[in-house]
Structure formats: structure tokens, C-alpha cells
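Everything on this sheet refers to the single structure shown next.
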Amino acid sequence: MRVSGPRLPVAWSSVGRYTDIRLDHSGDGIAKITICRPEVRNAFRPQTLIEVSDALTRSREDGSIGVIVLTGEGPDAFCSGGDQRVRGDTGYLEEPGSADAVGRFHVTDLQVQIRRLPKPVVAMVAGYAIGGGHVLHLTCDLTIAADNARFGQVGPKVGSFDGGFGAGLLAQQVGQKRAKEFWLLCEQYDAAEALEMGLVNTVVPLAELETETVAWARRMLQLSPMALRLCKASFHAAEDGLAGIQQLAHDTNLLFYATEEAQEGREAYKAKRIPDFSAFPRRA
Ligand code: S0N
């Protein structure tokens with residue numbers, strides 16, 4: 001699928017100072033987060049994930065941003081997952097050879113952050129989306145793939161697995177049998193196969209990847225931000241259990257607080273009087 005509308009160029013401007021990533025703004029509502037470690041196929045170390053998380057938070061809190069694009073530097077890889085050179089015995093290391101493991105997986109919180117972020121997050125995938133990098137694209141709301149994209153899980157090959165979103169979301173997106181095939185065989189799938197199984201939204205020539213992704217983002221920028229937020233939360237309400245329901249419920253609170261009915265409760269409390277809700281209808 002190609003979205004309609006003109007393909008206008010983007011003059012990205014860099015925001016913030018990072019070592020492992022880049023955060024760029026399009027100037028018309030798109031934030032682009034790029035993992036910049038092409039020498040290791042954009043594998044992530046703890047610092048990478050800390051920076052992606054910071055860029056997501058900034059993009060969330062920036063009212064001028066409506067859509068976030070997550071991608072990897074260069075044509076060869078979106079992300080190849082955890083950097084195996086700094087994988088310690090109880091978590092990842094700050095750097096190769098350092099003694100102390102960080103003691104947690106930063107990717108755990110990052111996956112949840114992407115799911116909870118109340119703006120659409122689009123994975124823009126050129127080359128490999130492998131291992132934990134594949135799970136990152138699964139957690140994004142949409143995936144635009146270049147025709148050179150390759151997808152796969154490698155956990156059982158390298159002594160790892162992701163039984164959370166890595167198994168569950170994959171099964172929801174491609175079905176149980178296919179998802180198990182990903183994990184139990186550790187094969188790779190090309191862009192056409194990914195499209196056929198519903199793993200990505202569209203496949204475009206590599207040279208058009210960014211233009212097409214920006215067109216999809218600009219299409220969403222024309223739509224109601226609150227409706228998009230509630231659509232995303234609605235999907236996750238079913239998929240993420242109580243945490244998903246909590247997100248949708250609190251979004252409802254956000255809207256309810258803007259009503260005179262909710263404000264009557266607040267004002268009565270502050271004025272130390274009994275609230276009068278009699279003016280508000282008991283809707284059928
Ligand atoms: C991506 C692959 C298929 C690309 O192959 P290609 O194009 O032939 O390139 P290579 O020559 O293989 O690679 C180029 C250089 O990049 C290095 N490199 C690539 N990937 C990694 C990596 N993940 N870590 C460290 N280095 C990497 C290569 O070594 C090579 O370097 P030089 O030139 O110096 O030899 C291919 O590269 C590949 O298969 N890569 C490994 C993929 C992999 O094993 N990924 C890790 C899988 N595990 C996770 O991601 C777990 C992460 C996770 O999300 C998680 C979830 C739940 C609980 C815990 C975790 C957790 O974080 O552990």
C-alpha cells in the first residue's frame with residue numbers, strides 16, 4: 001500500500017546530543033530516532049537503549065511532535081539486537097571487558113515505553129531486523145520495510161529468548177505456528193515474506209524508504225491526535241491486559257477532567273461544599 005499525497009522532501013534538523021543515536025526533527029511534526037552503530041549492524045548496548053528512551057520521552061513531551069520514526073543508520077540494518085560483545089553473565093556490561101554487569105535488561109522498559117507512548121511509533125526498516133532488533137519493530141505501531149529488509153529471531157542460536165512481546169506480539173501478528181517457526185528454527189524471512197504474513201505494512205524500494213515513511217507519518221499528522229492516541233490504547237487494552245486497560249482508562253480520565261461534570265466534583269471539594277451533579281444527565 002502507498003499512501004496518497006505529495007512526496008515533499010524533509011530537511012531534518014538534529015536535536016540533542018547523543019553518542020549512540022541521533023534524534024532529528026522534520027520541522028512539521030515528525031521525530032526520527034536513528035540507532036547509529038552500523039559497525040555492529042546497529043546492535044544495542046545499555047547506553048543505546050538509555051538514549052533511545054530519552055529521545056522517546058523528549059518526543060512524547062514535545063507538543064510539536066505527532067509521529068515518531070525509529071530506524072537504524074545505513075542500508076544494512078535496522079537493528080541486530082543486543083550487542084553480544086557486552087553481554088555479561090547477569091545483564092549487559094558498560095563496555096567490553098568491564099567487570100560489572102548492569103544487572104538488568106534496559107530493553108524491557110524500552111519495549112513497554114514504545115507500547116505506552118501515546119503517539120504513533122513507526123519502524124523504518126532497511127536491512128536486518130534481527131533478535132532484539134526484530135522485537136523492537138514488533139513493538140512499533142507500523143513497520144515500513146525496504147525491499148532489502150530481513151527479519152528473524154536468533155535467541156536459541158545465541159543462548160537467549162524473549163518470551164514477552166517477542167513471542168506474544170509475534171504470535172498475534174503472524175499466528176502461533178509461524179511465530180513458533182521464527183523462534184524454533186531461527187531462519188530469516190525477506191521483505192516479501194514479511195508482507196505476506198502481515199509482519200509489515202508495506203515494502204518499498206530501498207531508495208524510497210524514507211520518502212514513503214515520511215508520507216505515512218504526514219498522513220497521520222493530518223488526523224486527530226486524540227483519536228490516534230485512543231486507537232493505539234484500544235488495541236493494547238486487549239493485548240496488554242490490565243496495563244493496557246489502565247492506559248485506556250486513564251486516557252478516558254484525561255477527557256473526563258475537561259467536562260463540567262468532573263470539574264463540579266473538584267470545585268466542590270475545594271470550596272468545602274457538597275457537590276451538585278443534578279445538572280448532569282444519566283445517559284442511556
Ligand atoms: C545481523 C546479521 C544477520 C548481519 O549479518 P552480516 O550482514 O553478514 O554482518 P556480519 O558480518 O555478521 O556483522 C557485521 C559486524 O557486526 C557485528 N555484529 C552484528 N550483530 C551483532 C550483535 N548483535 N552484537 C555484536 N556484534 C554484532 C559482527 O560481529 C560483525 O563484526 P566484525 O566485522 O567485527 O566481525 C549478523 O550480524 C547476526 O546474526 N548478528 C548477530 C545477531 C544476534 O545474535 N543478536 C542478539 C540476539 N539477542 C538479542 O537481541 C537479545 C536482546 C533482547 O532483546 C532481550 C530480550 C529479553 C531478555 C533479554 C534480552 C537481552 O537484551 O539480552
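Just so you know, glycine gets a Cβ as well, placed from its N, Cα and C.
Within 10 Å of the C-beta of Tyr92 (substrate binding site) we count 25 further C-beta atoms, all protein chains included. Annotation source TrEMBL lists substrate binding site at Arg41, 80-84, Tyr92, 128-132, Ser160, Tyr257, Lys272.
Annotation comment: TrEMBL describes Tyr92 (among others) as site 'Important for catalysis'.
Around the Cβ of Tyr257 (site 'Important for catalysis'), a 10 Å sphere holds 11 further Cβ atoms from the protein chains shown. Annotation note: Tyr257 (site 'Important for catalysis') sits in a coil segment as assigned by DSSP. What TrEMBL lists as site 'Important for catalysis' is Tyr257 (among others).
Ligand 1 lies under 6 Å from the Cβ of Arg41, Asp83, Gly131, Ser160, out of the binding-site residues Arg41, Asp83, Ala129, Gly131, Ser160, Lys272.
Between the alpha carbons (Cα) of Tyr92 (substrate binding site) and Tyr257 (site 'Important for catalysis') lies a span of roughly 43 Å. Taking the C-alpha positions, the distance from Arg41 (substrate binding site) to Tyr257 (site 'Important for catalysis') comes to 46 Å.
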